[in-house]
Amino acid sequence: MAGKGPAMTGEGAKTDTRATARLWGEMPIYLFALIGFAICMAVWRAYGVTFHLDSILLNLKLFGGFLIFLGAPLFIVRLLKAKPESPISWAAEQLRAPEVRRTLLLSLPVLAICVAIIPAFSTVKSMIPMFTEYDWDATFIEWDRALFFGYDAWVLLQPVLGYPLVTAGVAVIYHLWMLLLYAGVLFMAWSPAVEQDTRRKFFLTYCMAWPIVGGLMATYFASVGPVFVEPILGITDFQGQMAYLRAANEQVPIMVLDVQDMLIEGYDASDRGLGKGISAMPSMHVAICVLYWLAAREISPAHSRFFFWFMVAIWIGSVHTAYHYAVDGLVSLIAVAALWWLAKLIFAAWDKVPSPFAQPTLRTNTVPAE
């Protein structure tokens with residue numbers, strides 16, 4: 001006699017492969033980047049500006065350099081722990097591992113965007129004088145003084161930081177921010193410690209921050225910052241700060257001064273290359289630090305604490321080295337927090353969209369014989 005036994009679930013479920021699920025889940029990043037680059041190209045064409053592709057190649061080389069410089073020591077540590085008989089075979093085996101290859105391949109789209117976005121941003125940033133006048137500095141000077149009881153922010157920092165050796169250290173820390181643009185991006189793209197939800201929020205916010213905070217807001221609030229207000233605008237309020245920095249440089253090299261000289265030379269020459277352009281409000285240094293802090297809060301408490309204090313150090317350093325007014329960092333904090341929140345909303349909505357790559361899982365109902 002045949003009877004019905006317990007049947008397996010017969011619902012037609014849809015499951016994405018891990019690869020297509022990740023690519024589909026990151027689609028808002030790709031779409032936003034594509035639209036952003038299209039707008040940039042339209043603006044460049046409208047203003048007769050040539051975007052030099054060699055700046056992308058230069059940025060790619062920087063990514064490669066940071067990968068070798070920081071990746072090689074980590075690789076050597078793993079090699080010493082494994083102690084394989086054939087290091088070359090072991091290294092090849094590590095790179096051929098399916099999970100490694102999958103991670104590298106699936107990270108290519110977001111990494112390609114990150115390679116291109118900074119050169120594009122630099123070109124747009126250098127075009128700010130073509131769009132508008134630098135006419136917000138006087139306002140931001142007053143805002144700082146309103147916050148700090150009539151004082152410029154750098155004056156209040158001077159009793160603590162106003163020593164050549166300390167200033168040199170602050171300048172070094174300020175330049176370490178570059179690690180976030182290269183080593184940090186690679187970590188966020190590849191590290192298994194970063195959950196995919198955090199990863200895609202990070203990269204969408206990253207892609208929004210450069211054009212929105214560093215582009216639109218920087219153009220609307222066009223300002224040059226304390227270091228450039230005298231040579232560009234004729235405002236002499238920060239002569240004392242610049243005199244201190246140059247005097248300190250006579251005793252200990254202050255790294256930021258050479259960069260500042262390069263920026264003003266690029267401004268005078270209308271140079272639109274990588275790293276060029278002058279803009280104070282909002283601070284992209286602080287903006288990127290805020291983004292890492294927000295992402296780090298979802299990775300671990302230790303990461304969160306480190307990036308919080310790094311953000312504070314960069315914020316203070318941006319004021320002490322005359323790049324920014326204190327309010328520049330405050331606006332960056334608010335703006336990036338808003339973009340992070342927006343990224344959450346975008347992905348919450350996007351995740352409700354059915355993936356066209358989904359495949360039905362075939363299941364069968366069985367009736368065992370008795």
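Here the Cβ of each residue, glycine as well, is placed from N, Cα and C on the backbone.
Under the heading domain 'Inositolphosphotransferase Aur1/Ipt1', TrEMBL lists 140-341.
Look at TrEMBL and you will find 28-47 (among others) tagged as transmembrane segment.
Sequence annotations record features per position, and here TrEMBL assigns transmembrane segment to 62-80 (among others).
Feature annotation from TrEMBL assigns transmembrane segment to 104-124 (among others). Counting residues 6+ beyond its ends, the transmembrane segment (104-124) has Cβ neighbours under 8 Å at 19, 22-23, 26, 29-30, 33, 36-37, 40, 43-44, 49, 51-52, 55-56, 58-60, 63, 181, 185-186, 189-190, 203, 206-207, 210-211, 214-215, 272-277 in the same chain.
If you look at the transmembrane segment (165-190), the same-chain residues 6 or more away from its ends with a CB under 8 A from one of its CBs are 62-63, 65-67, 70, 103-104, 107, 110-111, 114, 118, 199, 202-203, 206, 245, 248, 251-256, 285, 288-289, 292, 295, 313-314, 316-318, 320-321, 323. Feature annotation from TrEMBL assigns transmembrane segment to 165-190 (among others).
According to TrEMBL, the transmembrane segment annotation covers 202-222 (among others).
What TrEMBL lists as transmembrane segment is 277-294 (among others). With a cut-off of 8 Å between Cβ atoms, the residues of this chain six or more beyond the transmembrane segment (277-294) that come close are 122-128, 136-137, 140, 174, 177, 180-181, 184, 202, 205-206, 209-210, 213-214, 217-218, 221-226, 228, 232, 263-264, 266-267, 304, 307-308, 310-311, 314-315, 318, 323-325, 327-329, 331-333, 335-337, 340.
Distant neighbours of the transmembrane segment (306-323): 153-154, 157, 161, 167, 170-171, 173-174, 177, 225-227, 238, 241-242, 245, 254, 256, 260, 280, 283, 285-286, 289-290, 292-293, 296, 329; these residues of the same chain sit at least 6 beyond its ends, with a Cβ under 8 Å from one of its Cβ atoms. Summarising the annotation, TrEMBL assigns transmembrane segment to 306-323 (among others).
Here the transmembrane segment (329-350) has Cβ contacts under 8 Å with residues 25, 27-28, 197, 200-201, 204-205, 208-209, 212-213, 217, 221, 281-284, 286-287, 290-291, 294, 315, 318-319 of the same chain, all six or more residues outside its ends. The transmembrane segment annotation in TrEMBL covers 329-350 (among others).
Through the fold, the transmembrane segment (28-47) approaches residues 109-110, 113, 116-117, 120, 123-124, 127, 130, 200, 203-204, 207-208, 211, 346-347, 350 of its own chain, all at least 6 residues removed from its boundaries and within a Cβ separation under 8 Å.
With a threshold of 8 Å between CB atoms, the same-chain residues lying at least 6 positions outside the transmembrane segment (62-80) that come near it are 87, 90-91, 94, 111, 114-115, 179, 182-183, 185-186. For the domain 'Inositolphosphotransferase Aur1/Ipt1' (140-341), the model gives a mean pLDDT of 95.
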